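Input: one structure, supplied below.
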Amino acid sequence: MDKKQAVAEIIRLREEIDRHNYRYYVLARPEISDFQYDAMLEKLVALEGEFPELKTSDSPSQRVGGGITKEFPTVEHREPMLSLSNTYSIEEVGEFYHRVVKLLPEEHRDSPEFVAELKFDGVAVSLLYRDGLLVRGATRGDGSQGDDITGNIRTIRSVPLRLGNPSGSGEGVERYEGREIEVRGEVFMTKTDFAVLNEGRPEEERFANPRNATAGTLKLQDSGEVSRRKMVFVAYYLKESSAEIISHAERLELLERLGFYTGGEHRVCRTLKDIREYIDGWQKKRLTGLPYEIDGIVLKLNNTALRDELGATSKSPRWAIAYKFPAERARTVIRSIVFQVGRLGTITPVAELEPVRLAGTTVSRSTLHNLEEVERLDVRLHDTVVIEKSGEIIPKVISVVEEKRRPGTLPVVVPESCPSCGTPLVKPPNEVHYYCPNSEGCPAQTKARIEHFASRNAMDINGLGKAIVEQLVSSGMVVDAGDLYRLTPDLIMRLDRQAEKSAGNLVNAIAKSRNREYFRVLFALGIRHVGIATARELAGAYPTLDMLCKASVEALSDVTDVGPVIAESVHAFFRKPSATAMIEKLREAGVRLEAEKTKKPVNLNFDGMKVIFTGALERYTRDEAAGLVRERGGKTVASVSKNTNLVVYGKEPGSKLEKARKLGVRVITESEFEEMLGEVGSNE
């Protein structure tokens, strides 16, 4: 076969393979057997091997994998991948519905539309396409940053490597030339494919459930092995700035035209009754058996322009909620009750259980939350209890089976002193928790603070696990997190099971953490009430730790998502001698204690403004223009209302311009918009 014939055959095979992928994953109407599909793919791989210059990044042959990835770089998400608020109560679904409707502009309250869709139990990922070609796949991570797993994502057959419906009846890639778009969704494994995967593994290496199998597979270094494990990508979000597409349902339809599988079961609901019927229907279908795992229903406001109006909190959008199906329950027996001490001194009772299967995993521990809960449930040693798993990592005890209680058992004795250091416990007024007040001298608190400091969302020190932290603190080598940076391989080798190589690796991991982002350092400090989102807001308001240390309670209270309680906590933390000493050690070690200097606009001319673009702009794409507004403190919305501050119009503007003028909204040309942008300078 000469090169001209090879080109024609490669094109034919690619088109056929893409078409069969689409029929199998999107339409669920396969035309050929797996054997026939594999034969075509093998022929394509062989031809591209013979003519390597004809191989392209969007060829189906790229799904075969085979490359080895030594690490997965961290990447920033264009927009945060927020988690959804969730509920297990159908009544709370109704409250969500009425709350959202009440927030809508008056003209939309009589006819609200919500989209109900299945909540697949998988792993959230983000796909980035440039000029219609897949260029990046990333995990959700902490919502702001994730891991680049592009090589593994390429192996998933339901992920289009090139946008466009292979059947020839959809959107062409031309629509996205010169543009970047983002598609988000869930990767999951069907029950059948999960069973096949586990069948080929030793008993001790089998995965507990399809979700765990999916999460583990996506982080494998060998993409060839990933390609052999069948996974499915279901798309649920498209970042699309087109003025013609104003509803979530339309975006789902566009995703299908672009070659994505969307689940095909979404429904536009116009009343609360519609929503309840959808939920009830899928609860029944779930009990009769589905080919995949779903753990709930997601409800989203359909109108994307109204979504922009409602916005989001630091954790979740206001216009969506996840209804989780009723939690699974199981019976087991309490072996013992232990009292754990957290990094802030909180005493938490935990039940050690007879191992039992629950929600696809083996459970041997269950939280009892607090000592008041122990008294309320009247939990006793050797009781038979009902445990429930409702999305928590550790299940909870919800009731005692009293008819199975042994005669003569006694109530749990509430400890009077800390199980770690022996300090008398205290219980602040109006709180349910008991605390150990010995924050400086309690070994359990010190260990928990070090573990928090090293955790992935904080300093991400690989290899610094619970067992090593236990030895470091018990030996006196580490008193606070700052001491970690003074460790040497020789010191670490004095610990149990620490050879020269592992000691060197740990020292290198600690050294690497010096360059973690400033907001993660703030989170790692373990300040009461300061989570990762609040740490990010504090870092934005106070770009150096010195500035933050000097801030007053009043000034801190003005920071987004920081109220008086958090402000008091932050202010008090930086006035503790132990915190000051630790920070000095971190400073000496070269840990980043200020935000990275970046270029900033010299003005905030769009600060707090809601801006709309209409018509074709000459100098910018719509996404570029929107980004410039965001950088200068504003936000873009999709529809004109009395709350809109500015409309920028280009060639052939639509009805938005006319509506803006009727409402008295300020309108400007692209040239005037460019003047408003001003110059961009440096903060150095």
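Just so it is clear, glycine is given a Cβ too, placed from its N, Cα and C backbone atoms.
Just lifted these from Swiss-Prot, have a look:
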BINDING   Asp34, Phe35, Gln36, Tyr37, Asp38, Ser83, Leu84, Glu117, Arg140, Glu186, Lys300, Lys324  NAD(+) binding site
ACT_SITE  Lys119  active site, N6-AMP-lysine intermediate
BINDING   Cys418, Cys421, Cys436, Cys442  Zn(2+) binding site
DOMAIN    601-684  domain 'BRCT'
Can you figure out which of Asp38, Cys418, Cys421, Cys442 (the binding-site residues) comes closest in space to Lys119 (active site, N6-AMP-lysine intermediate), comparing Cα atoms?
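Nearest by Cα distance to Lys119 (active site, N6-AMP-lysine intermediate): Asp38.
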Near Asp38 (NAD(+) binding site), which residues of its own chain have a C-beta under 8 A away, given they sit six or more steps off in sequence?
none
Give me the non-local Cβ neighbours of Cys421 (Zn(2+) binding site): same chain, 6+ apart in sequence, Cβ-Cβ under 8 Å, ordered along the sequence.
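Sequence-distant Cβ neighbours: Cys436, Asn438, Gly441, Cys442, Pro443, Ala444.
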Hey, does DSSP put Lys300 (NAD(+) binding site) in a helix, a strand, or just coil?
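For Lys300 (NAD(+) binding site) - judged by DSSP and reduced to three states - the answer is strand.
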Measuring Cα to Cα, how many angstrom lie between Leu84 (NAD(+) binding site) and Cys418 (Zn(2+) binding site)?
37
Indicate whether Leu84 (NAD(+) binding site) is helix, strand or coil by DSSP.
coil
When a 10 Å sphere is centred on the Cβ of Gln36 (NAD(+) binding site), how many other Cβ atoms does it contain?
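There are 12 of them.
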Write out the long-range same-chain contacts of Cys418 (Zn(2+) binding site), meaning residues 6 or more apart in sequence whose Cβ is under 8 Å from its Cβ.
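Looking at Cβ-Cβ distances below 8 Å from Cys418 (Zn(2+) binding site), excluding near sequence neighbours, one finds Val341, Ile347, Pro424, Leu425, Cys436, Asn438, Cys442, Ala444.
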Of all the binding-site residues given, Leu84, Cys436, Cys442, which has the fewest Cβ neighbours within 10 Å once its own Cβ is left out?
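Relative to the other binding-site residues in Leu84, Cys436, Cys442, Leu84 has the fewest Cβ atoms within 10 Å.
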Under DSSP, is Asp38 (NAD(+) binding site) helix, strand or coil?
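Assignment for Asp38 (NAD(+) binding site) reads helix.
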Sort Cys436 (Zn(2+) binding site) into helix, strand or coil using the DSSP assignment.
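In three-state terms, Cys436 (Zn(2+) binding site) counts as coil.
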Identify, in sequence order, the residues in the chain of Arg140 (NAD(+) binding site) that are 6 or more apart from it along the sequence and have a CB within less than 8 Å of its CB; answer 'none' if there are none.
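Long-range Cβ contacts: Met81, Val123, Ala124, Val125, Ser126, Gly146.
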Starting from the Zn(2+) site formed by Cys418, Cys421, Cys436, Cys442, give every other residue of that chain whose CB sits within 8 Å of the mean position of their CB atoms, in sequence order.
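Checked against the 8 Å cutoff, the neighbours are Val341, Gly345, Ser417, Pro419, Ser420, Gly422, Thr423, Pro437, Asn438, Gly441, Pro443, Ala444, Gln445.
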If you average per-residue pLDDT over the domain 'BRCT' (601-684), what number do you get?
79
